[in-house]
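Chemist: Sharing a structure with you now.
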């Protein structure tokens, strides 16, 4: 069937901000979908609140709405654009839920919008547990006996015990009709069962529990399915989880293709997956089906299915070369799979199943270091913030590459660390799934644990455990051989050992190992991901390295630019940097260069084989990058390596690459060092007559105290060379400072701790600018809504700055120019300033792409990263102005009446984490970045723009109701006016005693609420925490009250904010944000703000340019 | 949950130091050579180098008689992970002449396994080679075509091995059916109520084919390839089946003659793989050798009548040369191409309809019995039943 002609416009919903469990894989899928739909001639209307996405670049849709993905905004967009169809299967659960809401409220019907991709019925069937289980059990698949976990419903303990007798231990207890899994648990024996089921029965309002067999420890698999309108179904990829059932797939190490299935088991799974897809009714598009398989007898259980493109789809696309989202979009508009060409071969159709002649390993990236109190045990609740994928010709090779792609030293196999723990102790510890378990398993094997013991403790399949043994044996050989021979070197490389690991084992330096390896002529070759195991020639150079014999890198004539990506998503380094890398690729390709991407993050647009001329799916380590450079130099001329757009990952490699003769384009490594080195940068500032907060460096507690006493508390302390404020804290006294130094690791003379005077109450300003050696172009000036001290990545900000005067902007411009010139920037620079009174301080300068580049680019309609890439390769700003890439006159700091106010708001993952005791982690903002993503609110005025940013970041402002206020003494003065305004608007005001007293003096009617520490009152009066949990409060205003001994906020505040996060109540923690809130509330009371597309805003800006 | 017993054995093997690898040599007839290490039995072997892109099902593949005289290259790098079991053999023995893999598993993990692949290869004397760049080898064959190859753990000089490779018989023109067919008739009972009797000519049949037929109430009489029409009619069949098998269909004149007689006798016919090529030749079409064949379990085939795609298991080096979309008149009725490979438009199925348009005989080039492979084409067995029942299919 050809493309449908009865629809001409399609609305696509994105997935909104990056959150744990929903990251940039949906930008990758959405970007592909938008591109395909436009190529097919559809008018595409896109909605996504996340500005750091490629999909929201105006060229990917006819109308791009960076608006909250909420019904009231979506309906307005539908009313304005009148799309014929809605495609919601490419924007994750967010888009699917939004579509269901629009369907249920009748909006789709009212405007005649057809849901394409998956029907409402299919979505409901897949999402409704009971209905889905019924579908699975009624499937008739010859030769494949798949079911669901066995269970019994019990009302009394005798029934529970009888059920346990049938189902066997361990056993899962799920009380009926309780919220959020309350009262559920796993019992391993009768004693536990009586306790858990007893509690469960009493927790259940109907005194009923579901007793279910546990499938924890079973083998876990996933199949990616694609179906078209003619009922052609293909399996794109099989994925096997190394971590067995019990750990969320997103947190598991996963392997493609499945490694431990015979054809019979695989085909049974395939038959069931296809039958499930048909029975649920996913008619056109992709879905995935998850399986659990009992390793003892092969019993197969269908765990769940997602009737949409998922995280696994992105992984499967990158793992196979089969672009699931792209194909899903094509079949959604009517094509059948046989009508779609396989891009990679260019001659065979998409109606086939990819065959792999390599192994793909994905490892999750965690961020528990950001949440020290959080429980790092991995469960069915996803906790990882990103992932790295690697491809090798064997599992061991791929695993080694995947682990080093994580850039997490604790994840790596350490073959030399003395083992002090006993085997029993190690076995006990590896039984708990946690973030660095694989490294610990290696320790257990090194300590002498047998494969069987490890299998018993972890339930990891024996085949995988044997592969770990193989790696251990290889390392042992490297360690104990009298001489590091070529044969041994080759063997160790084939099993994934890095030069660093070999160096460690042989007590040599990595450079010596590398030199030796090269002298032996042992270098990786580059193979191609071709979807078909070499059956057909591939025309897309999508490469991965392997220590094999024949390379497939083709010679080329044009000069290449090698762009280093940003690796796995993590807090502080996410999609924003991928955005810049993708833009660089586009700009440089347009400028006539051959573009080469190196990256290892399967979620991203940068690792789409369509993005650059060549893609190397490789770890971003010195070793791996040097090899890619070597391979590309052999293929043709290389103009250089671009490091300034991928964040800290490539930046950290810059000097080492240069030292080894690699040409770095743009800002030089020396210039980068100048900006990063506190001493040198301080000297630069003083020489230029610019102010910075007083500061010093220290390598000991004594030195730190001395610095603090000189400059006075509070001080900001942090390690040098950080991104995302890792380990950064504000400390107020000697005790907390000493405590910080004691807790800080890796302090030595080359990595001192930086101690800065903390500017209390200052306004923080962020700028992104371009400099070409002579001319400065300010991309944008952002004013933070929170005061200095909140990490810029976590702080809301506005562009243009809403309270800064022209003089300040002028001062920022001249300061920026001086700094850029003195550092020697060629490309982008990000500078953070603090304005205290009228005095401008320079906080830091980063001569690279920043997190805010996509936001600024989108808010001003100027592609800063593209311009930076061009400047890096020698273009001048004047040239880019005349090309139309940059504004012909003025720049991003030029005030334009027609430009929108853009508000960026951060999205924080606090609700994902609990301490081992089950207590939530404190959702307080500080100098260490903790947000996973961001949204943008756009409007003509600040109030509605702010309101939109809050709505998009899951904390929609109320327009009526009850406000609870508890502010620190220093904040009381600033809180009076906004709270009084809220009261005037009709809000009921509740407060703690101290805050209430002040408010009463200002004639605000206020009710006193008990603190959590006071406990409920004698007549049952609720504490604030209870009131929040009970849903009685619509807005929480709570600024931290000073600090405790260890620099942590006081318990009461913590509990209030924690309760707000759990209840989903917006929580304001600074007075500046409170003022912004009030403006937002006022605008919302005029009705939902209107919507406007980026294209429309940009047209207005263009018309308004000087 | 206790770990499968197989795992304990292999742990002992892996706990020791890896056995010191024996060097092995692979030489293609065009002179390209690869060095690797011995896998399976030691010794020397020759055959036609072909590659299969299947990622599962090595046991079924190795025991498929169609691979007789072929040295099989597995493109999937890890082979042997699930060991060897009692249930998945497709015939009485391993047929490949040699086995080329990249990473043979040191141990196996499957609750069904009864032993390891390596042991089974040794037991059956199958010479293999491992630790070589199988992708480079595959690409070489893709670009230069399937060709003769030698594997040796004895010879270390590529030139000497090459000379021996060049002495071997090429696949083109090879008549290998006699090597693989059963010695005497075997009967596979119908499962449940018997509905039909089918005479299955064994040109190298896989066990799953009679199994699939029997599951549908068919009593299958597997007959030696040298059977005559009298032998066939002696079992009073409701239909006749010609199986897959090795070799060049152009050299299988006897089978073509038999099928011609069967069609003259008006018996319903179903053929798979070699059985499709024989059918094609009986209908008057030519057959030809593909450059490197279709071997894998991911091949997309369009059923031209239904307009749908099925993912199929394939293993063929030869194909029928018949015109797409142009029915051809034969003395039995109208023959046409019914299935085509979407990758390269190779004929994947033929059908014959009588004057009244009813399907009387059909065959496919691929493997609806799968094993290894997907079950998408299972419906063809039902179609055979319909043909035998005289239903419009």
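Here the Cβ of each residue, glycine as well, is placed from N, Cα and C on the backbone.
Keep in mind it's a predicted model, so treat the numbers as computed, not measured.
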Chemist: Given that TrEMBL lists A:718, A:757, A:759, A:764, A:789, A:790, A:791, A:792, A:844 as binding ATP 2, which residue among A:703, A:832 does it place in the same site?
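Modeler: Given A:718, A:757, A:759, A:764, A:789, A:790, A:791, A:792, A:844 bind ATP 2 in TrEMBL, the matching entry from A:703, A:832 is A:832.
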Chemist: Neighbour count first, Cβ atoms within 10 Å, every protein chain included; then name which of A:213, A:220, A:304, A:844 tops the list of binding-site residues.
Modeler: A:220
Chemist: Residues with Cβ closer than 8 Å to the Cβ of residue A:290 (ATP 1 binding site), same chain and 6+ apart in sequence?
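Modeler: The answer is A:220, A:221, A:222, A:249, A:302, A:303, A:304, A:305.
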Chemist: Taking the Cα atoms as reference points, how far is residue A:213 (ATP 1 binding site) from residue A:791 (ATP 2 binding site) in Å?
Modeler: 46
Chemist: Limited to the region 'Allosteric domain' (A:955-1106), I'd like the whole-number average of pLDDT.
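Modeler: So the average pLDDT across the region 'Allosteric domain' (A:955-1106) works out to 86.
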Chemist: Return only the integer: C-alpha distance in Å from residue A:844 (Mg(2+) 3 binding site) to residue A:791 (ATP 2 binding site).
Modeler: 12
Chemist: Please report the number of other Cβ atoms within 10 Å of the Cβ of residue A:718 (ATP 2 binding site).
Modeler: 20
Chemist: With an 8 Å cut-off on Cβ-Cβ distance and a minimum sequence separation of at least 6, pull the same-chain contacts of residue A:832 (ATP 2 binding site), or say none.
Modeler: A:764, A:765, A:766, A:792, A:842, A:843, A:844, A:845
Chemist: Given the binding-site residues A:129, A:247, A:759, A:789, which one's Cα is the least distant from that of residue A:846 (Mn(2+) 4 binding site)?
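Modeler: Checking each of A:129, A:247, A:759, A:789 against residue A:846 (Mn(2+) 4 binding site), the shortest Cα distance is to A:789.
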